[in-house]
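Q: Quick one: this structure, given as structure tokens, is what I'll be asking you about.
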Amino acid sequence: MKKRRKVTSNLDEKIHLGYHKDSSEENAAVECGQVTYTQAPERPTPEAAQRCQELPPSPDQRKLLSSLQYNKNLLKYLNDDRQKQPSFCDLLIIVEGKEFSAHKVVVAVGSSYFHACLSKNPSTDVVTLDHVTHSVFQHLLEFLYTSEFFVYKYEIPLVLEAAKFLDIIDAVKLLNNENVAAFQAELTEKSSPEETLNELTGRLSSSHQCKFCSRHFCYKKSLENHLAKTHRSLLLGKKHGLKMLERSFSTRRSKRNRKCPVKFEDTSDDEQESGDGSDNLHQESSEKERSDRNDSEDPGSEYNAEDEELEEEVSDEDSDTEQSDKDNDAEEEPEAGDSAGSIHEGLAPVIIQNSNKKILQCPKCDKTFDRIGKYESHTRVHTGEKPFECDICHQRYSTKSNLTVHRKKHSNEVEFHRKEHKCPYCNKLHASKKTLAKHVKRFHPENAQEFISIKKTKSESWKCDICKKSFTRRPHLEEHMILHSQDKPFKCTYCEEHFKSRFARLKHQEKFHLGPFPCDICGRQFNDTGNLKRHIECTHGGKRKWTCFICGKSVRERTTLKEHLRIHSGEKPHLCSICGQSFRHGSSYRLHLRVHHDDKRYECDECGKTFIRHDHLTKHKKIHSGEKAHQCEECGKCFGRRDHLTVHYKSVHLGEKVWQKYKATFHQCDVCKKIFKGKSSLEMHFRTHSGEKPYKCQICNQSFRIKKTLTKHLVIHSDARPFNCQHCNATFKRKDKLKYHIDHVHGIKSPDDSLSTSEEKLMSLPMEYSSDDKIFQAETKQYLDQPKVYQSEAKTMLQNVSAEVCVPVTLVPVQMPDTSSDLVPHTTTLPTSSHEMLPPQPQSTDYPRAADLAFLEKYTLTPQPANIVHPVRPEQMLDPREPSYLGTLLGLDSTAAVQNMCSSEHRS
């Protein structure tokens, strides 16, 4: 082979980048499994490459390259990843307490069950399986990652059932094919049909065995049904017995179609020698079976000697095979209208063509049938014909099935059933539930639907031997039996707690993990979804069908009406064990308990105030928003709350004495016996005795007894001056300062009124004076009685004050002569270290100097003791931290020269 040079990697780069393929590159040849290339030409220039890129690529330039091992490598990597820590797994599957790590995308692709769960809740990280064992699930998880099963033969049915439950389609197909192949191989190994029958019979439980044919049944009820329907005649030969035995392991087949498969037919020499006799016997048996089928389908029958004619009703245990019975009937019975048979004269059916099917209608009672055999059996109800006779007591019946039931009374081997089933409408006793159902449908048709619904809900097919509770399905009974054991197989996915039932686990999760559940309409929260649903139905929707017979009020629930009637009766059954207060409703009692426990769970976002109830918070928020949505139709006045509007309308416009309906509650102070209307007012008052000041300023650490006082105090630390004077340009931080300015500077309010107001406040303030303060108290009282200029008593009082105490001063009006134009000098005996003199400031031009002096001449500085509760208004006190306090108080400009009143000397 001629050696050729290989092309460099430029060729590959050209293919990847999409270069134009020239003829020189097509010289590549495959020789002996190796790809070789001829010498490539020189690399094209950039201009040529750009022209080639502008040309549209042709389809033959593209190549399909695939890796056969990539899929397997991907699954292998994912399988290895889930078995190591840490991993990229994002799902935890818990089966019988054992945890399996998996990838969501893998289980969602392979299982429709997981796909539905993860699609519904994409954020789910934990899934718990209750109906699958951990060993079986381990096989299925291995299959999802490796597409292979490595199981024992006996495990195949269990894995198949779990695969159907999890809806793993590929696993179901694979296991079904394996199961069928194994079953066919097992059948081919058998030498004869008898061995096959023996093998299949051995698989059945040996707990219940038929004494006639030695058949085995798993349940006693199946044996009873077998005895009642099979051994009505013992004249059938070996073939019939073989056919009846084969019936026991046929799955979901019709009870009316019991043909034996061809492979199981008995072809022994004895039957072959019988010749025509065997054929006659076979023909007789076939006719007898057909007659039995027709008889069993008769809707009218008698079940006792009293000649009560009943209609047939399919029992609960036959409900599973009802559809298959119809299919088999279509194969064996002639369709309606094919043959009239031996129908009595005058009872010829009326044929009705309905949807490509003929229906037979009885001319006597207008009942319809789709099979001629059923109609023939029905005609015996009208003719009175009873062709089936008991060979023991010669009692005759119109159908073979009723004769079979009757023969159970004469059988010694079968336990005789007493008439323990009582009709709820006529109190008649019946031997079985089936005959009772026929009786109700025949003689109480108006109550038939009610009886059937009760029968389905209270079926005794599966009954617990411990508590005698009945269930309609076997899995329900099996799950119920867990309650009588110590097992707790149901684990909570959020915690480590286990439960005996799924319902108990669900209630636990709703109460402790999934709540609270808020109402979208009113915002109220509930611990579980049941209470939320009940709240929505009762509060926000539904009809008010319960009406109070006293006041006519309508409510949605009966329990609500019962609680409403307590208003008229005065009953209050809910008693608080802490304070002894009684309540009419349980909800009011539970809300009251929050008061004792200080459970204020609803907080205002604006001011931080907390409330016990959500509706209280909603009403409080209207204070911040200023919303007044409730307007009076008479006067147009608006209110923030509806109850306030109601009280206003009744009291103002209707003239009702609304407040007389409510008993006033008063709270008395235990110390001073003072009475307050509100409990909060009493609490604030009691702080005057205890000295408690719970509200502290975070800036200056000053404490206050009332929160409102702290709020006003905080304005001092800010630069905001929100209160403006309407008469001048003066601004104030507090509203009371603005009021004082208007009253005293602009003279809108007379000094006498202001003085009287000050006197009232001074006398109303609760004060406690020490022995040192009694002198000042007497002087104050004397001044209020006869306002005049203070004499030297004030100076004498000031001499007793400690030098280390800063003496507060206040402005007191005095009588000055009109001719005097200079201020009377006053000096104090305070040390200079307490307050320093402010530096001189330029005089303001907004107010004339003469006006300033004339205004100041009306006041003098009167010192007061420092260790008393100030008997004057707070706005009258000078703040040493604010040099322009006096100017602000009088409405002067901040630049006006104001001398500090706490100087080292007080000139007199």
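Every residue, even glycine, has its Cβ placed from backbone N, Cα and C.
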Q: Look up zinc finger in Swiss-Prot and report which of 38-60, 360-382, 751-773, 820-842 it refers to.
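A: Swiss-Prot lists zinc finger for residues 360-382.
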Q: Taking 68-90, 114-136, 574-596 as the choices, which stretch does Swiss-Prot tie to zinc finger?
A: 574-596
Q: Kindly point out the range from 695-717, 787-809, 856-878, 879-901 that Swiss-Prot annotates with zinc finger.
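A: Of the candidate stretches, Swiss-Prot labels 695-717 as zinc finger.
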Q: With Swiss-Prot as the source, identify the stretch among 178-201, 490-513 annotated zinc finger.
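A: Residues 490-513 are the ones Swiss-Prot records as zinc finger.
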Q: Please list the DSSP helix, strand and coil residue counts for the zinc finger (360-382).
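A: When I sort the residues of the zinc finger (360-382) into the three classes, I find 11 helix, 5 strand, 7 coil.
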